[in-house]
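What TrEMBL annotates here:
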DOMAIN    18-162  domain 'Aminopeptidase N-like N-terminal'
DOMAIN    247-437  domain 'Peptidase M1 membrane alanine aminopeptidase'
BINDING   His303, His307, Glu326  Zn(2+) binding site
ACT_SITE  Glu304  active site, proton acceptor
ACT_SITE  Tyr391  active site, proton donor
Amino acid sequence: MAPLDPHSFTDSTHPFTTHVSLSLYFDFASSTIHASALLSFQSPHTGPISLDSRTLTIVSVTDPVTLAPLPFSLSPPDPIKGCHLTISLSNHSSILISYSTSPQSSALQWLTPPQTFNKTHPFVYTQCQSIHARSVFPCQDTPAVRIKYAARINVPRHLSAVMAARHVERRPPYPGEGWAEVSDSVWCAEGRVVEEFVMEQAVPPYLFAFAVGELGHREVGPRTRVYAEAVASLLDAAAREFAGTEEMIRQGERLFGEYEWERFDLLVLPPSFPYGGMENPRMVFLTPTVIKGDASGAQVVAHELAHSWTGNLITNKNNDHFWLNEGFTTYAERRIVEAVQGEDRAALNIGIGWRGLNEEMERFKDNMEITKLKTNQEGIDPDNIYSQVPYEKGFQFLWRIERQIGRPAFDEFLKKYIATFKFQSIDTDMFLIFLKTNIPGIEKEIDLEMWTEGTGIPPDAYEPVSSIYTRIVSLANEFKLGRMPREDEVADWQGQEWELYLENLPKSVEASQVWFCFIYACFGGQMWEC
């Protein structure tokens, strides 16, 4: 076996999957999906082929043409990678797998009606990053493999589905679509409907995403529709918060090249969504906490939009090189924010990140290997070492290169980088070769090895300098000396100003001081005596 990813059983000597066609029957009563997956490979293959699986019940594996069974085996579960699904092929270029998911699927969040906004209908959504697509369908679950896919989603008629793919149609179920796993009588039962989707651009499996619930939407731009549960107040608030999305897309295109994904829709999920946002192409997932009423939630949208070029278009080959996704995206996000909202807002963003990066150094002081950009995650669950390091140290590395060669030259480099590697998965060495080829002598000016393979924060990293950043940090330092800010000093602060201020306060403060900050931040600048 020739592994190419420490978190996958995928064998680099086997043909890669190029397309997956899925039939998914949602059973909300049991929190399971009964499914079939038709996997197509680059070329015919004879011998074993390795797939990733986690908590899936594999019912059968067959030749999709003859329906003859194919031998398969499933290993005992590895605590990080799940199960190794091995299938024996004989000059096969495709296979049909019938299976069911588990209520314990690590990628699926099943919500009962009381856990939703409207309290009426159930809801389910996916979170496949980093290595959880394998708990939705058996696959080569590594970002080194990019797939196109099609999906038929069979759900109760009173619900609807969205997906990180192009919506084809909503229609009645047809006999035979459930393949072997779901009988026609169940698939075509009264009260069921099929939502059909296609993803025509190749993406890594962690970007596979869907959600099913009672959904509504609002139009916010020519390329953007915001979805959420069908609660008018929630949809209206989301539409107001993200009204400026089209301008961000246009600025992204100016900076990084054409937007390749056609649509940039947004889905506001129920509060249980564990991240600020997830960059699923065509359908970004967002937490409702980004709806703040002052458009500052657009910062999260800017980050997920930036992924459309760095992360989704060019992807890290595996999680050892995660900084290629997140460092580039953090840089791109801040350039979009600067273009749309101004230099001060971007400087605040950088300042919050700088503070976070320093805190991560303290967090990992007993395991500084985690503070490298190029990591070795063999035997490590990527969810257990998630941190701001790949984001903020990666940003600092790219910012250092920009300062060295100047912004105009770096902008041209970025556009060439994106055009060269789009729809590919790369690693740190590939990036460094490209960097040195296109910026001759850069390795003499910047210690590239220290930045990518060294621990800690390099000495030529840079704390942001701006009047608003300096003023907020100064006020936080004065707080340590017993002086709280005056009303006129914080009257125009929004969420990010307060975040930077609070991040720079001491870890231990008096309860009355904390209450002051809470009341002032929550009531939009109105001073309350307490």
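From the backbone N, Cα and C atoms, a Cβ is placed for every residue, glycine too.
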Original post:
Which chain neighbours of the Zn(2+) site, leaving out His303, His307, Glu326, have a Cβ atom within 8 Å of the mean position of the site's Cβ atoms?
Top reply: Glu279, Glu304, Ala306, Thr310, Gly311, Asn325, Thr329, Thr330, Ala332, Glu333, Tyr391
Original post:
Name the residues of the same chain, 6+ apart in sequence, whose Cβ is under 8 Å from the Cβ of the residue listed as 'active site, proton acceptor'?
Top reply: Gly277, Met278, Glu279, Val284, Leu286
Subject >> pLDDT averaged over the residues of the domain 'Aminopeptidase N-like N-terminal' (18-162) >> reply: 97
**OP:** Would you mind sorting out which of His303, His307, Glu326 (the binding-site residues) have a C-alpha within 10 A of the one on Tyr391 (active site, proton donor)?
**Re:** Glu326
**OP:** Tally every other Cβ atom lying within 10 Å of the Cβ atom of Glu326 (Zn(2+) binding site).
**Re:** 24
**OP:** Count the Cβ atoms, other than its own, that fall within 10 Å of the Cβ of His307 (Zn(2+) binding site), considering every protein chain shown.
**Re:** 24
**OP:** Inside 10 Å of the Cβ of His303 (Zn(2+) binding site), count up the other Cβ atoms and send me the figure.
**Re:** 24
